[in-house]
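As given in TrEMBL:
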{"type": "DOMAIN", "residues": "6-155", "note": "domain 'Lactate/malate dehydrogenase N-terminal'"}
{"type": "BINDING", "residues": "Gly12, Ala13, Ala14, Gly15, Gln16, Ile17, Gly18, Asn108, Gln115, Val132, Gly133, Asn134", "note": "NAD(+) binding site"}
{"type": "BINDING", "residues": "Arg95, Arg101, Asn134, Arg165", "note": "substrate binding site"}
{"type": "DOMAIN", "residues": "160-321", "note": "domain 'Lactate/malate dehydrogenase C-terminal'"}
{"type": "ACT_SITE", "residues": "His190", "note": "active site, proton acceptor"}
Amino acid sequence: MSKKPVRVAVTGAAGQIGYALLFRIASGEMLGKDQPVILQLLEIPDEKAQKALKGVMMELDDCAFPLLAGMQAHSEAKSAFKDTDYALLVGARPRGPGMERADLLAANAQIFTAQGRALNDAASRNVKVLVVGNPANTNAYIAMKSAPDLPARNFTAMLRLDHNRALSQLAAKTGKPVASIKNLAVWGNHSPTMYADYRFATIDGASVKDLINDQVWNKDVFLPTVGKRGAAIIEARGLSSAASAANAAIDHMRDWALGTHGAWVTMGVPSNGEYGIPKEVVFGYPVTCSGGDYQIVPGLPIDAFSQECINKTLAELQGEQDGVRHLL
Ligand SMILES: NC(=O)c1ccc[n+]([C@@H]2O[C@H](COP(=O)([O-])OP(=O)(O)OC[C@H]3O[C@@H](n4cnc5c(N)ncnc54)[C@H](O)[C@@H]3O)[C@@H](O)[C@H]2O)c1
Ligand SMILES: O=C(O)C[C@H](O)C(=O)O
């Protein structure tokens with residue numbers, strides 16, 4: 001018997017990430033090739049944006065996806081989030097050349113108070129929320145704090161792009177396939193301060209740290225390359241990453257919903273004090289997923305260099321949180 005359709009809300013649906021994301025959700029890449037979906041698409045109440053959204057929906061129609069059980073265009077968050085099982089909060093201003101993430105905080109924070117409240121009022125009580133719009137961790141924190149009736153752990157931020165970028169750099173450095181790398185962790189903020197940590201990573205059972213054996217490369221090449229990759233893409237494309245961001249969003253939601261079968265992935269999730277991170281800070285952690293839930297990988301030793309990196313990214317996140325306290 002075929003499965004009951006689930007509702008997937010996507011904000012910023014006519015934007016660049018939306019265009020790279022919706023077709024993959026509708027084709028079953030996110031929730032499985034046997035899971036019908038209803039897309040609830042939100043764009044700003046602006047004639048041009050709504051018209052562009054209609055165009056995207058025409059193209060979705062033209063794909064004749066067997067799993068697309070329905071779709072709606074919305075210009076208001078509460079109706080877009082009605083009964084939704086999944087919410088991908090993409091809609092927000094992106095960085096342009098020369099902009100820092102902090103510049104986005106003021107511009108985007110208010111979107112997430114309004115959308116958190118709308119989720120609180122209208123979404124399924126089990127809704128799984130992924131915040132992609134930057135600054136993603138702090139926006140997820142704002143949405144979570146604005147939705148007190150929903151479980152805090154259902155609000156997550158996207159660190160998966162950093163995780164995938166780090167995997168790709170490690171594959172290039174070691175000359176091994178991306179798929180052979182296990183147990184990578186990324187800690188902290190989705191920003192240049194994130195700490196991609198390959199101390200526990202293995203390839204065919206061998207330690208990646210031992211294979212590379214180069215702390216100078218780690219500190220001076222690997223971490224800056226992964227951390228500044230978003231800016232490098234903006235510099236090269238004149239636009240912020242879109243297809244790779246959509247791909248990471250698919251990976252994040254798929255793994256959360258369908259499980260990782262023991263593999264580690266990175267998610268930005270509200271802390272419960274794990275690894276000394278204050279409660280409620282939405283922090284990148286290594287997690288495993290099963291049964292539609294995630295578990296932070298416990299008990300990893302944190303050496304002095306790692307602690308310094310974790311402290312730095314935490315301090316940045318706490319600074320961002322202080323900057324939005326008046327909105328909560
Ligand atoms: N977390 C990550 O790894 C990651 C990666 C890439 C991009 N991003 C971020 O994702 C966001 C979207 O990027 P993009 O390239 O798709 O931008 P874009 O400008 O192409 O599209 C954003 C869309 O959101 C819409 N929008 C704005 N405010 C909205 C609101 N309140 N409700 C609904 N829709 C709204 C806009 O009309 C626009 O169509 C940016 O903030 C960007 O920085 C995050
Ligand atoms: O860096 C940005 O502003 C876009 C995005 O967060 C990215 O990492 O590519």
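If you go along the chain as it appears here, the first residue is 1 and each next one adds 1.
Any Cβ shown, glycine's included, is placed from N, Cα and C.
Positions of the features from TrEMBL, shown on the structure.
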{"residue": "Gly12", "record": "NAD(+) binding site", "contacts (Cβ under 8 Å, 6+ apart)": "Gly18, Leu42, Glu43, Leu89, Val90, Gly91, Ala92, Gly133"}
{"residue": "Ala14", "record": "NAD(+) binding site", "contacts (Cβ under 8 Å, 6+ apart)": "Glu43, Ala49, Gln50, Ala52, Leu53, Gly55, Val56"}
{"residue": "Gln16", "record": "NAD(+) binding site", "contacts (Cβ under 8 Å, 6+ apart)": "Pro94, Leu239, Ser240, Ala242"}
{"residue": "Gln115", "record": "NAD(+) binding site", "contacts (Cβ under 8 Å, 6+ apart)": "Thr11, Ala77, Phe81, Leu89, Ala143, Ser146"}
{"residue": "Arg165", "record": "substrate binding site", "contacts (Cβ under 8 Å, 6+ apart)": "Ala196, Val226, Arg229, Ser244"}
{"residue": "His190", "record": "active site, proton acceptor", "contacts (Cβ under 8 Å, 6+ apart)": "Asn134, Pro135, Ala136, Asn137, Ala157, Met158, Leu159, Leu161, Asp162, Gly268, Gly284"}
Kindly report the helix/strand/coil residue split of the domain 'Lactate/malate dehydrogenase N-terminal' (6-155) according to DSSP, in that order.
67 helix, 28 strand, 55 coil
Using all protein chains in view, find how many other C-beta atoms are within 10 Å of the C-beta of Asn134 (substrate binding site).
26
Kindly point out which of the binding-site residues Ala14, Arg95, Asn134, Arg165 have a C-beta less than 6 Å from some atom of ligand 2.
Arg95, Asn134
Could you say whether, by DSSP, His190 (active site, proton acceptor) belongs to a helix, a strand or a coil region?
coil
Those recorded positions, Gly12, Ala14, Gln115, His190: which ones have a Cβ sitting under 6 Å from ligand 1?
Gly12, Ala14, His190
Near Gly18 (NAD(+) binding site), how many other Cβ atoms are within 10 Å of its Cβ?
25
Tally every other Cβ atom lying within 10 Å of the Cβ atom of Arg95 (substrate binding site).
17
Give the number of CB atoms, excluding that of Gly133 (NAD(+) binding site) itself, located within 10 Å of its CB.
26
